[in-house]
Amino acid sequence: MTESISPAPDPLSSPQYRSLNVVPFAPSSDNERIHKSRSDVVANPLSTPPPKRSLKRDVILICTVTLAMILNTANSSAIIIALPTIGKELNIVESKLQWIISAYSLSSGCLLLFLGRIADLYSRKWMFIFGCAFMGVFSLGCGFAQGIGAAACIPASLGILAENFPPSPLRSIAFATFAAGAPVGAALGVALGGILTQLTKQTWRSTFWLLAGLAAMCCIGAISSMENDFSRHIPDRRVDWIGAFLVSAGLTLIIFVLSDGSIAPNGWKTGYIIALLVVGVFLLLLFVLWQHHLEQLQNSLVQSPKRWWNPPPLMSVTVWTRARGKLSVVLGIAFLQWCGFQTFAFWIQLYYQDYLGLNPLLTMVRVLPMCVAGAACDLLVAIVVGRIPLIFLIGTGTVLTAVASLLFAVINPAATYWAFGFPAAILSVAGTDFVFSTGTLFVAKVCLPHEQSVGGALFQTLTQVGTAFGIAISTIVYNAALSKSSLRYGVHVNEEGTNVPRPAQLVAYRDAFWTGTAFAFAGAILALLFLRSVGVVGERRKTQDTVSETTCVAEA
């Protein structure tokens, strides 16, 4: 039985809106109260429909943002497969290789929310172009700041799709295709990274040069297919610089601690690790309180003079309560899913190369099925997202990823690749595609029009933090298991890790994969407990009217 909630904006009570079998998200006294007298804060939920475009231009737009997502994930995965080579060339021990991957999450994750808000306020198109250009330039230099480009273009991509494709089957296809860029990019990055690292003179450096070329293609596609959106009616374009500093600094410190804690001089007991963790958590708590203060100020009936210290919040705290709190659950599942998937993706490369002794090219061949599976799942999700409830798609995705990691947690190194490696490669990327596709579509559906890029930034931030958290925790587990297992063989592991007994190394790898399994299964439990009442998020047929993004799926 569908429970109706009376919406505040009059247009949402129209018969056409009610006929869509969705429940509008409504402000309430304990949730979100938007006063009509402060209409300058929240844009009209029934925004102007996007201008008509040709099918060719739609295809180019979808391909452009999908390529940006491929570029985003390939930036990490292409380097994962090259980690052993990078470690040898730069003399980095295995226990410290995780920092190379975490640095990307650090620079990307800490700025996603801020740059997503800038995209919503000014221009998603030009923020997208800026992000792609930034990635391209710094890919050439192979620098730390490369992740900033991803922080700019990915939230803008989600806002662009939500703005340009009203609820329809084409919107489901657009979001599914964009989401498929994540697993496809991860697999493609591994494939290209393996080939270039193995066969080119410049080894892993060639990968960054190729990524720079892909970034240039994204810029060209954006200029040719995206509408200018600076003229969108947003009365108050002030930026919450205080909030931007608090959230960026807080996330930077936390991701740094997660990445460096296990390799610090005294591990997690190191003084600066403890201090930075406390400061990072404090800054994030302060950010939440500051956003709540600004939101209360904006919703107040008393008009305050506009000053730089009282702008609209960078992130409305009540955005977490969208769809009766289901948005928070989906974001939490995204975090756990990326903890599990990136743990699997990180350790599978090291297992193949460091334990089995395969070169990057042979490793690439073993993970290549991930690319094909990602493309196939893209098509499948686009077909079924308008027919199958959210819980089945997200729940299935988390379980598939858990099973993939589980296969390597119990792997027999002497067994054929087809017994463990092949099914794990298929299941891991299929599970991630299911979660990302349906998750981003759900976020776009329950967020307000002026929150689209911020909503996408929240989703991406959780995946980036999940990447750093998953790899950090699994590295702690790996190092602890390695030391403990080596002692059983009478070996004290040296700093370079060159005297590790092979049986002890296998035990450590298995424990790392068990960690990834636990993360993914935790996501499945969240879905089972809290998403059972959520219906279908996709669109089966075109509607006559453009529907507000404030809708949420029907609840039983």
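Numbers here mean position along the shown chain, with the first residue as 1.
A Cβ is built for glycine as well, from the same backbone N, Cα and C atoms used for every other residue.
For 30-39, the entry in TrEMBL reads compositional bias 'Basic and acidic residues'. According to TrEMBL, the domain 'Major facilitator superfamily (MFS) profile' annotation covers 61-535. The region 'Disordered' annotation in TrEMBL covers 23-51. TrEMBL lists 59-85, 97-116, 128-161, 173-196, 239-258, 270-290, 329-352, 364-385, 390-411, 417-444, 456-478, 512-531 with the feature transmembrane segment.
Same-chain residues lying 6+ beyond the ends of the transmembrane segment (270-290) with a Cβ under 8 Å from its Cβ atoms: 242-243, 246-247, 249-254, 256-257, 260-261, 264, 313, 317.
Beyond the transmembrane segment (417-444), the same-chain residues lying 6 or more positions past its ends with a Cβ under 8 Å from any Cβ of the stretch are 158, 161-162, 171-172, 175-176, 178-180, 182-184, 186-187, 323, 326-327, 330-331, 333-334, 337-338, 341, 344-345, 348, 366-371, 373-374, 376-378, 381, 385, 390, 393-394, 396-405, 407-408, 411, 452, 455-456, 458-459, 463, 520, 523, 537-538, 549, 553. With a cut-off of 8 Å on Cβ pairs spaced 6 or more residues apart, the transmembrane segment (364-385) and the transmembrane segment (173-196) reach 3 or more such pairs and are scored as touching.
Here the transmembrane segment (512-531) lies next to the transmembrane segment (329-352) in space: the count of CB pairs under 8 Å, restricted to residues six or more apart, reaches at least 3.
Three or more CB pairs closer than 8 A are found between the transmembrane segment (239-258) and the transmembrane segment (456-478), so contact between the two stretches is assigned (pairs 6 or more residues apart).
Same-chain residues lying 6 or more positions outside the transmembrane segment (59-85) and placing a CB less than 8 Å from one of its CB atoms are 53, 97, 100-101, 104-105, 128, 131-132, 135, 139, 146-147, 150, 153-154, 157, 160-161, 164, 173-174, 177-190, 192-194, 196-197, 203-204, 207, 211, 214-215, 217-218, 221-222, 224-226, 342, 345-346, 349-350, 353-354, 360, 363-364, 367, 467. Mean pLDDT of the predicted structure over the domain 'Major facilitator superfamily (MFS) profile' (61-535): 84.
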